[in-house]
Amino acid sequence: MAVPLKDLSDFVMGSSFAFIALVMLFCLLFLPRHTRTSWLALTLVVGSCGVLLMTYSPFLYTYYESYSRLWVTAFDAALFTLLPSMTFYFVKIYGPGPYRLTSRLLMFQTLYSLLCAVFLMIMTLSGTDYDGIYYFFTVYLLGMMMILQVLYLVGLSILSAIRKNKDAYIFSAGFMLLAGGALTDLLLFYASGRGHQFVYWKWGVLAFILSLMIMLGRKFIRGHDQVVQYSKELEMFNNELQRSEKMEIISELAASVAHEVRNPLQVTRGFMQLLAEKSEEGQKEYLNLALKELDRASGIITDFLTFAKPELEQVTVLNLAEELRHVTGILNPLANLSGGVIQLEVSKGVYIAGNASKLKQAVINLVKNSIEALEGEGVIKIRVFKDKEYAVISIRDNGVGMDMQELSRLGEPYFSNKTKGTGLGLMVTFRIIEAMQGKIHFTSHKGIGTEAVIQIPLASNK
């Protein structure tokens, strides 16, 4: 007996789904634990749909008529598996739902499916005919439950789509095609006195499974992206930890060395100054050069001490507008000598708690770096404004800029782009800002310029 092509296509489609489910089940062994439950739920949905399509097709009943009872039993078992599996997958993707309704629906469906499966097993093993009761529970009541489940899950997916969840759009599209096909078949089935052959749901199943696969794929991609992001953050935290440990070691070393060197250095400078006063003009030039180098060494030692002990000593409420105007007044002549100009833009009423001298030292270090980065004429723009609970100081220049490698090393001990630089200035700046409970970060582009942004918690002027 020839089987119509459409019936054979149903069997082929169902076989394909069943094969895909077997492959997915095998792949389950190699997946991370946190993805296994959602993958298993999708495997059960795909496998159940495959068995439903195969056992609903007349192909098996035509060529293997002697096993008709087995095909009917397999169809019912697949249906009992599909409904809770679909809800389980929904829970894994969208969560338990409002008031945990989806989780409760899953529990009820699981218990009801188990009850129907036990009923089917007893009826099959005993050979007793309870078709009337069985039909009522597994066709009439189960059909009503399917309609309610479809309406509930469609409504929930629409709500998620309204919240602009991209997965919800995909799920809603596939699920609505399935729901539309299933509802059409069910309504025609009951309207025709249970004589309608279910047709439309098969294509809805295909669309729905494709949407589920796309959603799960997107979930895996998001998981991979999160792992990459966590790896980057972990690397950043490790670098920060190493930097902190280096800073701690250098701080202790700097404090001890600075104290030991400073006194003999001052004594040496005093003797050099006496010699310079009593020397002839030809010798004075060399002695004055030596004094300048001693002063530079003294400045480096002062930076060492500030770096080692950046305590703020006297903490007061500072008006950033006033403090930055003072810094601008000090450094404008230096900027003008280099062909640059400093522009100041401040908001009123920006206050922080800190030490005025230390704050000025940190800002002066940054502005001097910007001045030295200018090539001929240039602009250094200093802005002060509020951003939520922080006072923000932005120092931007249009100097030579830095590449990513140089930018990543800013604040490292003894890293400097200057010929005679020690890197201590920025180290001191970092330590001062940290002591004021603040943060500092840099952005820079080679040939465009650099911006330093300081964030310090706001304080009340009361």
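Each Cβ is built from the backbone N, Cα and C atoms, and glycine gets one as well.
TrEMBL does not curate its annotations; it predicts them automatically.
These numbers come from a predicted model, not from an experiment.
For 256-460, the entry in TrEMBL reads domain 'Histidine kinase'.
As annotated by TrEMBL, transmembrane segment applies to 12-32 (among others).
The transmembrane segment annotation in TrEMBL covers 39-64 (among others).
What TrEMBL lists as transmembrane segment is 70-93 (among others).
Marked as transmembrane segment by TrEMBL: 105-127 (among others). If one looks beyond the transmembrane segment (105-127) by at least 6 residues along the same chain, the residues whose Cβ comes under 8 Å of a Cβ in the stretch are 69, 73, 76-77, 80-81, 83-84, 87-88, 91, 97, 134, 137-138, 142, 145, 149, 152.
With a threshold of 8 Å between CB atoms, the same-chain residues lying at least 6 positions outside the transmembrane segment (133-156) that come near it are 76, 79-80, 83, 86-87, 90, 94, 97, 101-102, 105, 109, 112, 115-116, 119-120, 123, 172, 175-176, 178-179, 182-183, 186, 189-190. Positions annotated as transmembrane segment by TrEMBL: 133-156 (among others).
Annotation source TrEMBL lists transmembrane segment at 168-192 (among others).
The transmembrane segment annotation in TrEMBL covers 198-216 (among others). Here the transmembrane segment (198-216) has long-range neighbours at 10, 13, 17, 38-39, 42, 45-46, 49, 52-53, 56, 89, 93, 167, 170-171, 173-175, 177-182, 184-185, 189, meaning same-chain residues at least 6 beyond its ends whose C-beta is under 8 angstroms from one of its own.
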